[in-house]
Amino acid sequence: MTLTEIIILAIIQGITEFLPISSSAHLILPSVLLGWENQGLAFDVAVHVGSLLAVMIYFRGDIGRMLVAWFGSGFSKNQTDDSRLAWWVIIATIPALIFGFAGKAFIEEYARSALVIACTTIGFGLLLWYADKKAALNKHIYDMTWKSALIVGMAQALALIPGTSRSGITMTAGLMLGLDRESAARFSFLLSIPVILGAGLLATLDLVSAPDAVDWNALIVGAVLSFVSAYACIYLFLAWISRIGMLPFVIYRMLLGVILLLFVFA
């Protein structure tokens, strides 16, 4: 990989991991437009580590409160808001784990085409627009129940289909359940932690069993750039989402999907 490829791919990973615009749609663009080869498993692990560190550091206060509350009262009848939120993250993670193990082979075999990614980018983008426009948007993250957490988790399982966007579909589900935009985004970001961690561990196991030739300079640069871009993305998104809404991201997804379709049928 050249330095230009490392920089572009790491920044793409950091930004698209948390914006509702589909990371897989963007990661396929360099190969479609520029003919770049796959970045390799080791680099994929490195940029995911950068993204994971970014979200964990940004939400370190929330994570600390949730862990303290969960270990303190998570198994008692006197639940606190933070202990319940910890449970909701756990519950919402379970469907992705189940469907991830059950459907991984099928998805990798049949759902990673540019056509599938283009269609899901457009289709789930329109669903995001509908949720943002029609939902009540008046509930706080602490108003969630185990049922709403499970619904968001089921939605997250759909993100195994490339082009769906994990953050996009979980925010869509949160909005449809009546969460305000910031709460939907915060829960989506908290939910990303176990998912990215799990995906990173699986990729690491694959890497150990079939090791690539490792370019440590590329991995370090990729991880750092992914961390910086992901942290900035989370900060700016939460600062602006209540004011700008989801429409800019929906429009962007429509354009991106159309571009991919043009290349598919060109």
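From the backbone N, Cα and C atoms, a Cβ is placed for every residue, glycine too.
Listed in Swiss-Prot:
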- 1-21: transmembrane segment (TRANSMEM)
- 39-59: transmembrane segment (TRANSMEM)
- 87-107: transmembrane segment (TRANSMEM)
- 111-131: transmembrane segment (TRANSMEM)
- 150-172: transmembrane segment (TRANSMEM)
- 187-207: transmembrane segment (TRANSMEM)
- 218-238: transmembrane segment (TRANSMEM)
- 244-264: transmembrane segment (TRANSMEM)
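Of the Cβ pairs linking the transmembrane segment (39-59) with the transmembrane segment (111-131) and spaced 6 or more residues apart, fewer than 3 are under 8 Å, so the two regions do not touch. Long-range contacts of the transmembrane segment (244-264) within the same chain: residues 19-22, 25-26, 28-29, 32-33, 114-115, 117-119, 121-122, 124-126, 128-129, 131-132, 163, 165, 168, 171, 175, 181, each at least 6 residues beyond the stretch ends and with a Cβ under 8 Å from a Cβ of the stretch. Away from its own ends, the transmembrane segment (111-131) comes close to residues 20, 22, 24-25, 28, 32, 158, 161-165, 168-169, 171-173, 175-176, 246-247, 249-250, 253-254, 256-258, 260-261, 263-264 of its chain (Cβ-Cβ under 8 Å, at least six residues beyond either end). Counted over residue pairs separated by six or more positions, the transmembrane segment (87-107) shares at least 3 Cβ pairs under 8 angstroms with the transmembrane segment (150-172), which defines the two as touching. Between the transmembrane segment (1-21) and the stretches 150-172, 187-207, 218-238, Cβ pairs under 8 Å are most numerous for 218-238.
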